[in-house]
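J.: I grabbed these lines from TrEMBL:
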- 195-219: compositional bias 'Acidic residues' (COMPBIAS)
- 220-232: compositional bias 'Low complexity' (COMPBIAS)
- 186-258: region 'Disordered' (REGION)
- 22-39: transmembrane segment (TRANSMEM)
- 81-101: transmembrane segment (TRANSMEM)
- 108-125: transmembrane segment (TRANSMEM)
- 152-176: transmembrane segment (TRANSMEM)
Amino acid sequence: MNTERETETATSGRPAGTGGRPVRYVVLLASVAAVAYLIDLGTKIAATAALEGEEPVRILGGIVHLQLVRNPYAAFGMDFGGTWILALVALAVVAVILWFARKLRSTGWAIGLGLVLAGALGNLTDRVFRAPAPMHGHVVDFLSVFGPDGRYFPVFNAADSAITVGAVLIVVLSILGRDYDGTIARGRGKHTADDTEPGEDTEPGDDTAGDDTAGDDTDAGAAIAGDTAGDPPGDGGPAGGDATRPGRAARTDTEDDA
């Protein structure tokens with residue numbers, strides 16, 4: 001099992017835990033997109049039902065005004081051409097995000113792309129299904145800050161907010177060097193978030209010390225072996241010493257008797 005994980009790390013260039021299909025990041029992206037999309041859809045339905053033909057409603061001490069506006073333009077009232085062009089742009093954004101989802105290995109990027117996806121789908125839904133015609137529908141906006149009628153800031157909706165927050169998050173992650181595939185830029189290279197920090201490597205001296213110790217043991221062993229081999233049999237080595245030479249002791253006793 002460990003061998004398989006090590007092989008995966010070596011061949012993919014990423015830790016084994018991040019290899020394979022990034023299912024959990026896709027699930028996170030889809031969950032964020034679904035929640036944000038439902039919030040946008042629900043608030044638009046509520047705004048259409050409650051604010052149609054009504055005067056702006058002042059809330060939060062006048063910081064926000066609720067006012068129904070049908071917007072044929074892009075987010076925050078920006079005009080980039082006909083509504084059908086904006087619909088095609090939204091479809092392109094959705095396609096790009098789905099392509100990125102296949103390689104996602106970053107939680108921050110998953111959240112950011114999920115918000116952008118929700119915003120694009122939310123406004124695309126209005127352009128496709130709302131009046132005056134399919135692919136030419138007007139987007140429902142209802143949030144005006146610091147004053148009514150978009151006096152200080154264009155009227156917008158929850159989808160516009162999701163796009164803005166998601167885009168800002170992605171820009172911040174890019175500035176910090178964190179890419180969508182989980183790599184982190186450090187100097188001139190890229191590393192995965194799970195890479196070992198520089199200070200965590202084994203100290204070079206540890207290996208050297210081990211080599212020196214092994215060398216000393218080897219030299220000592222060689223010296224002992226050499227001394228043993230150099231001693232003639234019977235001169236006090238392992239093969240035998242004076243105590244193991246009975247012949248010499250016998251001659252000495254005979255001379256004394258004589």
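Heads up, the Cβ atoms here are built off N, Cα and C, so glycines get one too.
Owing to the predicted nature of the structure, the values given are computational and were not obtained by experimental measurement.
Can you tell me where each of these features sits in this structure?
T.: Only residues 6 or more beyond the boundaries of the transmembrane segment (81-101), in the same chain, are considered here, and those with a CB under 8 A from a CB of the stretch are 25-26, 29, 72-74, 109, 113, 116-117, 120-121, 123-124, 127-128, 135-138, 180.
Taking Cβ pairs closer than 8 Å, the transmembrane segment (108-125) reaches residues 25-26, 28-37, 40-41, 44, 75, 86-87, 90-91, 93-94, 97, 100-101, 139, 157-167, 169-170, 173, 178-180 in its own chain, all 6 or more past its ends.
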J.: Could you give the residue numbers and ranges of same-chain residues that sit at least 6 residues beyond the transmembrane segment (22-39) on either side and whose C-beta is under 8 angstroms from one of its C-beta atoms?
T.: 97, 101-107, 109-111, 113-115, 117-119, 121-122, 158-159, 162
J.: Cβ under 8 Å, sequence separation of at least 6 from the ends of the transmembrane segment (152-176): give me the contacting residues as numbers and ranges.
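T.: 36, 39-40, 43-44, 47, 67, 69, 71, 75-78, 106, 108-109, 111-123, 139-146.
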